[in-house]
Amino acid sequence: MASDRPRVLSGIQPTAGSFHLGNYLGAVRQWVALQESHDAFYMVVDLHAITVPQDPADLRANTRLAAAQLLAAGLDPERCTLFVQSHVPEHAQLAWIMNCLTGFGEASRMTQFKDKSAKQGADRASVGLFTYPVLQVADILLYQANEVPVGEDQRQHIELTRDLAERFNGRFGETFTVPKPYILKETAKIFDLQDPSIKMSKSASTPKGLINLLDEPKATAKKVKSAVTDTDTVIRYDAEHKPGISNLLTIYSTLTGTGIPELEEKYTGKGYGALKTDLAEVMVDFVTPFRERTQQYLDDPETLDSILAKGAEKARAVAAETLSQAYDRVGFLPAKH
């Protein structure tokens with residue numbers, strides 16, 4: 001792998017079972033593309049997952065499932081480093097150092113903790129959830145990542161990463177690369193099929209608006225055909241006045257590579273039913289092979305385990321070197337063997 005490429009790192013939680021269309025179009029698809037231009041490190045972040053209670057058997061199964069889906073989506077272990085976060089203990093070790101450099105007020109200002117703890121109740125939220133962004137800092141700095149692909153909602157965490165890298169470097173000497181946010185350009189924002197005013201998410205009030213990539217293709221087609229639209233009949237993109245139709249056009253355009261103006265022209269004089277029927281077919285053509293590829297990896301656990309073991313080995317080679325340097329700079333007494 002060309003070491004002169006900028007290094008990029010990102011991760012996905014293993015808590016949801018099936019990826020949904022928003023995950024795929026909003027992040028995973030871009031990860032696949034970044035393999036071509038970057039030295040890419042991708043991980044299933046199971047340490048982050050346990051910041052809220054998890055059933056151990058489900059966590060284990062969902063970690064394997066997330067890895068299988070990433071491979072099915074097009075991540076190539078020959079062109080990127082794919083691993084499970086807990087297979088690289090240096091993440092937790094560096095996180096402790098970063099915790100000790102982070103101000104309490106600084107951590108308190110992280111909006112994601114406020115949002116998540118508000119849902120759980122502050123008394124029930126774990127310290128792990130509170131320091132979640134600091135573990136994310138360690139994830140990034142361990143690999144000396146130049147860029148971190150993020151959506152706008154994660155920008156605050158990248159600012160914390162930059163602050164802590166500069167703080168450590170200023171106090172102990174140049175150690176960490178100060179990363180830049182790689183804001184995912186042209187990321188399709190996919191909305192709920194039943195309520196196009198909210199982002200597609202597992203936490204929606206009804207599963208009818210959510211396209212899970214591992215659902216039966218017939219169920220996926222039915223959800224598309226049942227998508228909420230408006231009382232008009234003209235198919236055109238207008239996110240403010242026609243959010244439902246605009247969402248369907250975005251999905252269609254993103255999956256097929258057809259421009260929205262081209263789609264508007266194609267459906268001139270046709271009703272919403274025609275668009276929904278065609279999009280349902282596009283979705284089925286997409287999810288069917290994705291499901292099959294995911295299942296192939298799940299049916300061959302030895303190959304999946306081997307890919308993850310090799311990925312962890314490659315990741316640890318980088319992480320151990322960074323941690324060793326950080327330990328030395330902080331002043332820890334080296335262990336003699």
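Just so you know, glycine gets a Cβ as well, placed from its N, Cα and C.
Among the residue ranges 14-23, 54-63, 114-123, 264-273, the one that Swiss-Prot annotates as motif ''HIGH' region' is 14-23. Feature annotation (Swiss-Prot): of 4-8, 154-158, 159-163, 199-203, the stretch labelled motif ''KMSKS' region' is 199-203. The Cβ neighbour count for ILE190 (ATP binding site), using a 10 Å radius and every protein chain shown, is 22. Each of the binding-site residues GLN13, THR15, ASN23 was scored by the number of other CB atoms within 10 Å of its CB, and the largest score is that of ASN23. Between the binding-site residues ASP139, MET200, LYS202, ASP139 has the most other Cβ atoms inside 10 Å of its own Cβ, all protein chains included. A gap of 20 Å separates the Cα atoms of ASN23 (ATP binding site) and ASP139 (L-tryptophan binding site). For the motif ''KMSKS' region' (199-203), same-chain residues at least 6 beyond its ends with a Cβ under 8 Å from one of its own Cβ atoms are 16, 20-22, 189-193, 209-211.
In the three-state DSSP reading, ASP139 (L-tryptophan binding site) counts as helix. Across the structure, ILE190 (ATP binding site) and ASP139 (L-tryptophan binding site) place their CA atoms 27 angstrom apart.
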